[in-house]
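Annotation comment: TrEMBL describes 20-42, 54-75, 87-106, 144-162, 182-205, 217-237, 249-268, 280-298, 304-321 as transmembrane segment.
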Amino acid sequence: MSVEDGGMPGLGRPRQARWTLMLLLSTAMYGAHAPLLALCLVDGQVPFRPSSAVLLTELTKLLLCTFPFLVGWQAWPRGAPPWRQAVPFALSALLYGANNNLVIYLQRYMDPSTYQVLSNLKIGSTALFYCLCLRHRLSARQGLALLLLMAAGVCYAAGGLQNPGNLPSGPPPAAAASPMPLHITPLGLLLLVVYCLISGLSSVYTELLMKRQRLPLALQNLFLYTFGVLLNLGLHAGGGPGPGLLEGFSGWAALVVLSQALNGLLMSAVMKHGSSITRLFVVSCSLVVNAMLSAALLRLQLTAAFFLATLLIGLAVRLYYGSR
């Protein structure tokens, strides 16, 4: 398995085991995000500003990647600080910031189910930029694996989980059967395409940047999250009146911030030593974790679509990373 395929060639068993553990932890954190957010709800509403959570997450990432320099685990490069190498990370932060805000903005022009299904197109856009920018060719087998990954996301979004209380024994009332009608506007479709393109570009651009620079990962993270904090601080301040920075936060909300910060650092390691394609598989595999936690914590019911999605994900992993 090559680095381009998301593997770590030439590693001994201990390091390979650590790499596998890192991917498993990232998968678990991705999968736990939505259930943890659901546990934060108060009367069905998020009690804090979303921009506060994003800003605190970026700030936590910055503090965590600064810590190795403060305690001496990571040495600062000799000579003048390589600030010129920091500038390209401003574009990464801008792309990620645009993507995070587009997710919220898109909800105005389509229902959540339509968004969940169509957002799987970012798998294709990531693969496209991966081939164009990094000049890697995907085999027919790998291309089929990514198509299966997209199909798995669509299956899961289309009905992988269901509230048992909404399972009718007879013909349901029209309002209960469809609390929010499926819809998407032309502007919503255009914005969704932009969202998928930015998602793929941000992932591949960051991977390219991290691999081309001969800098420690901790220093690259320091650059990236410094810009991330500045950008999200501006977005939070310009968001108008609302709850304070920490207003409405609970223990569950703090856990959401911490888990997302740790996951961001793990994903930067994947970008540095693995690939954007590996990240796609981590995000897709996290659907299984998400469903299992939702069933256990929120008492949602797994459906046939979930098991089909799990099967498709397994086949995709086998096709992409299995022996040729």
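Placement of Cβ uses the backbone N, Cα and C atoms for every residue, glycine included.
TrEMBL annotations: computationally assigned, not manually curated.
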Contact set, same chain, for the transmembrane segment (217-237): CB under 8 Å, 6 or more residues outside the stretch: 49, 51-52, 54-55, 58-59, 61-62, 65-66, 68-69, 74, 76-77, 82, 85-86, 89-90, 92-94, 96-97, 101, 206, 209-210, 245, 264-265, 268-269, 272
Among the ranges 20-42, 144-162, 182-205, 249-268, 280-298, the one whose Cβ pairs under 8 Å to the transmembrane segment (304-321) are most numerous: 144-162
Best-contacting stretch, by C-beta pairs under 8 Å, relative to the transmembrane segment (54-75) and drawn from 20-42, 87-106, 249-268: 249-268
Beyond the flanks of the transmembrane segment (182-205) by 6 or more, those residues with Cβ under 8 Å of it: 91-92, 95-96, 98-99, 102-103, 105-106, 108-111, 113-115, 118-119, 121-122, 124-130, 133-134, 271, 276, 279
Closest-packing stretch to the transmembrane segment (249-268), where packing means Cβ pairs under 8 Å, from 20-42, 87-106, 144-162, 280-298: 20-42
Residues from the same chain, set at least six apart from the ends of the transmembrane segment (20-42), whose C-beta lies under 8 A from its own: 48, 248, 250, 252-253, 255-256, 259-260, 262-263, 266-267, 269-270, 278, 282-283, 285-294, 297-298
For the transmembrane segment (87-106), distant same-chain residues with Cβ under 8 A (at least six beyond the ends): 50, 54, 115, 188, 191-192, 194-195, 198-199, 201-202, 205-206, 209, 220, 223-224, 226-228, 230-232, 235
Cβ contacts under 8 Å made by the transmembrane segment (144-162) with residues that lie 6+ beyond its boundaries: 113, 116-117, 119-121, 123-124, 127, 138, 277, 280-281, 284, 287, 291, 294-295, 300-303, 305-306, 308-310, 312-313, 315-317, 319-320
